[in-house]
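Taken straight from TrEMBL:
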- B:H97, B:D133, B:D196: Mn(2+) 2 binding site (BINDING)
- B:D99: active site (ACT_SITE)
- B:D133, B:E168, B:H446: Mn(2+) 1 binding site (BINDING)
- B:E167: active site, proton acceptor (ACT_SITE)
- B:D196, B:H229, B:T331, B:R344, B:S418, B:H446: substrate binding site (BINDING)
- B:209-367: domain 'Peptidase M20 dimerisation' (DOMAIN)
- B:H229: site 'Important for catalytic activity' (SITE)
There are 2 protein chains.
Amino acid sequence: MSDTKFLQYVDEHKDDYIKRLAEAVAIPSVSGNLSYVKDVEAMGDFLLKQLIALGAKAEKKPIGTHTLEGKEVDLPPVIIGQLGNDPKKKTLLVYGHYDVQPALTEDGWLYPPFELTPDPNGSGRLYGRGATDDKGPVMGWLNVLEAHKNLGIELPVNLKMCFEGMEENGSVNLDKFIESEKDKFFAGVDCMCISDNYWLDTKTPCLTYGLRGITYYEIKVSGPDRDLHSGVFGGTVHEPMTDLISLMSKLVSQDGQILVPGIKDLIAPLTDDEKAKFEAIHFQIQDIHDAVGGDVTISNDTVNTLMSRMRNPSLSLHGIEGAFSAPGSKTVIPCCVKGKFSIRLVPNLTIAGVTDLVVKYVQDEFKKLGSKNKLEVYLTHGGEPWIADPEHYSYKAAHKATESVYGQAPDYTREGGSIPVTLDFANILNLNVLLLPMGRCDDGAHSTNEKIDTDNYIRGTKLLGTYMYELAAAHK
Amino acid sequence: MSDTKFLQYVDEHKDDYIKRLAEAVAIPSVSGNLSYVKDVEAMGDFLLKQLIALGAKAEKKPIGTHTLEGKEVDLPPVIIGQLGNDPKKKTLLVYGHYDVQPALTEDGWLYPPFELTPDPNGSGRLYGRGATDDKGPVMGWLNVLEAHKNLGIELPVNLKMCFEGMEENGSVNLDKFIESEKDKFFAGVDCMCISDNYWLDTKTPCLTYGLRGITYYEIKVSGPDRDLHSGVFGGTVHEPMTDLISLMSKLVSQDGQILVPGIKDLIAPLTDDEKAKFEAIHFQIQDIHDAVGGDVTISNDTVNTLMSRMRNPSLSLHGIEGAFSAPGSKTVIPCCVKGKFSIRLVPNLTIAGVTDLVVKYVQDEFKKLGSKNKLEVYLTHGGEPWIADPEHYSYKAAHKATESVYGQAPDYTREGGSIPVTLDFANILNLNVLLLPMGRCDDGAHSTNEKIDTDNYIRGTKLLGTYMYELAAAHK
């Protein structure tokens, strides 16, 4: 179900919609850089003005200050907007962000990053910083509002919108904002939709219903109180690097199995339904070889590989702080080294549970070494895993909308990485959250030559609108 | 045996000798820095002028050019000098260097580094860059010449001196110079003395008859062609860090034993005489705890510890290039990492022999991992170990001279690290080389607040002169 006038309007206003995205991209709203503070503010104002012009009750919400490059500055405000307040309709909450990653032409951009540039070869790609992350999706919602306003059609749901300007810089204070507005702006919300991730490939639309969490650890081994010369002291003292490398070698096997006892036992058992969803995903091992630039997959089985990415924990060794790390040769015995590794969490692993197991295991293994050095092992940060119920009516609605707009059922994917705001909304507001991506896997969010395909942007706009209609029609 | 007039002269001219050292320290002859090129040259000229004034036939020998901070400049010349050419006398070759390590007051110097400053507390310490490394010993030889010239006494040996200005920056081309002058300036040399190392403690004079060699290796593991996000790819690909850490963990045990098969079998057997020399060394475990700033010795046995430092090989893990090494957290899967380690060599280990064993072992262990990543393991540089015959008459002479000047027999030590010029002279000229240190273990060569104790400088001058007399009297 959808509104045919809406779909027709979108097709007829494609050029206007691209112009809207171009205006947004032209504002370099880089949140992590002091010299762009005014631009981030300008982008918030642009959004606010458009929302009001398109009929929303919208406002700027200050959320405090933070320190940027040593200077205390205002955090970019949260822009909230609301359209419709009909108790008979469902209320949908939408989230997006209006800030972007840094971008400099000299980093290797084909075109100026803050000028939306269509591929001159006619591929339909629209290049520009923020095109897909996350200005494309945010403009998609404005496009939906514009169509309905100009057609004089009421939205089928009550719409609440929450757009932040700090997503690329840690979403500072957003959790506090959600908490403080829980019973005010966010009151009465039925479900939520976030468009801030990507298809798994370049062809298949998907709904994303899970994210892995993370625990990040440091193992610190110290001994001497100064760095030593290996000629003078090699062979006579317990070297912290020898201990650390030994400990790090006991964390994960070559085929990616976590060696910390007890972690595997905590993983939620695989259900038939879950397995069926992984088996249905459109994905080939070649896709991953292309993505990493080499035939280095542990398994050549597609389903195994997808599950390793999406529903199994993993442990990666990231590096060592305090040891020699430059090109060339240095004959140092570092006196204090910190090994860094992280574990990706899946249900039912928790930060606390995994940390207990990791700390105990590393301490036990260190004792076995019989070293006179000192050990510390600790969590530096963590994020819990998240999973939504993909049988929720919001997912059913998005499924139908995808079939209607793309002519095919969506894949059901889970992301290997974290999107912390998802958890904040889901947990604080106790909501089902749907991740409904607009762009493709090769869009290059955070990278040079970020792009969105015109087809994804336009059909993505249709998808957001159609999803609203399906949601309105769905049985709670 | 010595000349009492010489010893008396030294005592009476202590202040002049300190003044000579002060003049030398005042020239900031830093060889590794383009802005000090003129100063290194000035220091060479200072030395040349003094040698000539003290009766030596001396000259500056150009040895080519090198690239310093991107600019092609002349290498500091070698200053050679000769005094006496009596076929009835033995001919002694002396080496020293007139360049120094960099030093900036702001690095933490108590006094301006290029002004020789006596400790105002009256400890007798003379602070200044180069005071002990190596201007003190070089001035020591000039002091000896001055005494003999002013006393009108002929030297008891023919003396050949070779002073370079590039020791702190790799002794570039010195080997070529030695080779080219082998049958010219260096012809007829009977034995050699180098004063460019240190006592093992602060109290006991020593003769040094061995140096460990070194082989430095990199293990390179590569797989993906770009760094990957551990959220997206953790668990699905063979991570180069996992492979590398596993390989590095198999190189050395916690108690410092090298795990590469075959290396232990190559170590020269310990002789009773050698063992006796180690047992006689004045050394306490507390000395090493003080030196490293912690109770982290593998063994608490003094002789074991000394042998681990001086006559056993050791393997140190220095670090990893290409992995995350900064403070903080980064969830990267590095695509290409290089593990760095070195092995200290002792007789009868050779660079070639050890490298064959290491490369084969690492390759074999990598095969066992079953990883799809790529491995390279290679030597980056090496230096052979060196050992002199401590029963040689030059050592006997130095032994007697030490007893005469210090009232005690010297310890016989070996250095854990390398002094590459020693090997060059020993091998090219086929000479017995005596390492006869002047300074103490805590002199801080290469460090801030480098110093030499006045007593070491003055008694060191006596030692060099007395050694000449004992050498003249020794039976070949």
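A Cβ is built for glycine as well, from the same backbone N, Cα and C atoms used for every other residue.
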Of all listed recorded positions, namely B:E167, B:T331, B:R344, B:S418, B:H446, those lying near chain A with CB under 8 A: B:T331, B:R344, B:S418
Top Cα neighbour of B:E167 (active site, proton acceptor) in the set of recorded positions B:D99, B:D133, B:D196, B:H229, B:R344: B:D99
Pairwise CA distance, B:D99 (active site) versus B:H229 (substrate binding site), rounded so that it is a whole Å: 48
Greatest inter-residue Cα distance in Å for the substrate-binding set B:D196, B:H229, B:T331, B:R344, B:S418, B:H446: 50
Distance check against B:H446 (Mn(2+) 1 binding site) for the binding-site residues B:H97, B:D133, B:H229, B:T331, keeping those with Cα within 10 Å: B:D133
Nearest-integer angstrom distance between the alpha carbons (Cα) of B:D196 (Mn(2+) 2 binding site) and B:S418 (substrate binding site): 12
Cα-Cα distance linking B:H97 (Mn(2+) 2 binding site) and B:T331 (substrate binding site), given in Å to the nearest integer: 48
DSSP-derived structure type at the residue listed as 'active site, proton acceptor', helix or strand or else coil: helix
Reported mean pLDDT - the domain 'Peptidase M20 dimerisation' (B:209-367): 96
Between B:E168 (Mn(2+) 1 binding site) and B:H97 (Mn(2+) 2 binding site): CA-CA distance (Å): 9
Cβ neighbour count (within 10 Å, all chains shown) around B:H97 (Mn(2+) 2 binding site): 28
